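Below is one structure, written out as C-alpha cells; comments come after it.
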Amino acid sequence: METKIIKIDKKQINKSMIQEAGDILKRGGLVAFPTETVYGLGADALSEEAAAKIYAAKGRPSDNPLIVHITNMGDLEKVAEKIPAEAVKVAGKYWPGPLTMIFHKKDIVPYGTTGGLDTVAVRMPSHEIAREVIDAGGGFIAAPSANTSGRPSPTTAQHVKEDMDGRIEMIVDGGPVEIGVESTILDMTVTPPMILRPGAVTEEMLTELIGAVAVDHTLITADSTEAPKAPGMKYRHYAPNAELVIIEGPASKVTEEINRLARARQKEGYKVGIIGTEETVSGYTSGDVKSIGTREDESTIAGRLYAVLREFDDDGVNYIYSESFATGGIGSAIMNRLLKAAGHHVINIQ
Ligand code: AMP
Ligand code: MG
C-alpha cells in the first residue's frame, strides 16, 4: 500500500484534507496524525476489524489495549459506564489535554479495542488537527503511538514515516509535537484513582485537584520484577537498538563515570552515544554526545527524548550512556520512559 503524506498547518486547517483523512478512518483504514503528546496511529475504535489493523501495522501484542480518543464529554458517556464525579472534575480541569482515564466500558466498545478487558481507556486531546481528524473519522478513534511496537514513540511525521511507510493509508504531517511523551494514565475504576503511567499531568497536579491518588509503584523504580497494572507497560518499550544504560549519582561523578565507560567501549571498537544536558555536555570528552535539553526546564527534555533515541539509531551506535533525571513533575514521565528504554539497566555511583 502507498502511504499518502499530507501537510496540514494547525493555524490554518485545510478542511478537505481533514475530510479525506476522516473518510479513510470511516472506511476502517489507518491514519497517523499529530496530538499534543506524540503522533497517534488512528483507526475507528468501535470497529474490531479496524482496531485489528493497528495491531498488525505496529506489531503490537494483542493484549495491549488501545486508548479511545474523543472530542467532547457527551461522547464519553457513549463508551464509559459508572463515570465517577471525580473523573468529571479531572476532565473539567485537564481535558482536552495529555491525560487518559480508565473506566468500565460499554458494550459498544469491542474487546478488540480493549485487549479483552472490561475497562476502556479514554482521552480527549487538545491538538487542533487531532480533534478535527477524530470528528471527521466518526468521533471515536483508537490511537496508540504511531511507532513499530517497542521503538521510541514518534514526535515528528518523519518518525512515523520511518516506521509506518507502506503499512498505513495516510500520515497527516502537522509538524513536531509539543509535549513529546505519552499521556498520563489515571485508572478511575479503583479507589483512590491510580496513576498507571506518568505524563505531563502530574501526580502533584492530580492530588491538588482530587486529593489522594495512588501510583503504580512499578513505574519509576529500578526494580522491574513486578508486573505493572497497565498491560502495555510490561513490554520493553521506547527502546533504541543500542544498549542503553542510565548512570545515577552526583553530577560531576556521573560525567566522570560516563567518560570512563565510553572510553572503555570505544577501545573495544564500539560506537558510543552519550545523553547529556545543556549544563553538562561540555564535560564529555569522547563519543557521540547529544544534549537532550536543559535541566532548568525539564519539558525540553521530554520534548527531545524520543528524537534523541531515534537519532542514535540512525547513527548506528552500540552503547548509549545517559544521565539520570529528577523524578518530580514531568521528570517522573521522563525517568519512566528512560528506564523502560534501558530495560531498567541503571548504574548507581553514589
Ligand atoms: P499507547 O497507546 O501506545 O500510548 O499505549 C496505551 C497504554 O494504555 C498501554 O500501556 C496500555 O496498557 C494502557 N491501557 C489502555 N487501555 C487500558 C485499560 N483498559 N486498562 C489499563 N491500561 C490500559
Ligand atoms: Mg506506545
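Backbone N, Cα and C atoms are what each Cβ position is placed from, and that goes for glycine too.
In the record from TrEMBL, residues H69, R123, A143, S183 bind L-threonine; the candidate from T3, T37, T207, T218 listed for the same site is T37. Neighbour counts of Cβ atoms within 10 Å were compared for the binding-site residues R60, H69, R123, R197, and the top value is held by H69.
Among the binding-site residues T37, H69, R123, A143, S183, the ones whose Cα sits within 10 Å of the Cα of R197 (ATP binding site) are S183. Mapped onto three states, the DSSP output places S153 (ATP binding site) in coil.
Distance from the CA of S183 (L-threonine binding site) to the CA of S145 (ATP binding site) is 10 Å.
For the binding-site residues shown (T119, A143, S145, S183), fewest C-beta neighbours within 10 angstroms: T119. Close to the recorded L-threonine site, the chain also has T35, G40, I67, P98, T100, P125, A130, E182: residues not among T37, H69, R123, A143, S183 whose Cβ is within 8 Å of the site's Cβ mean position.
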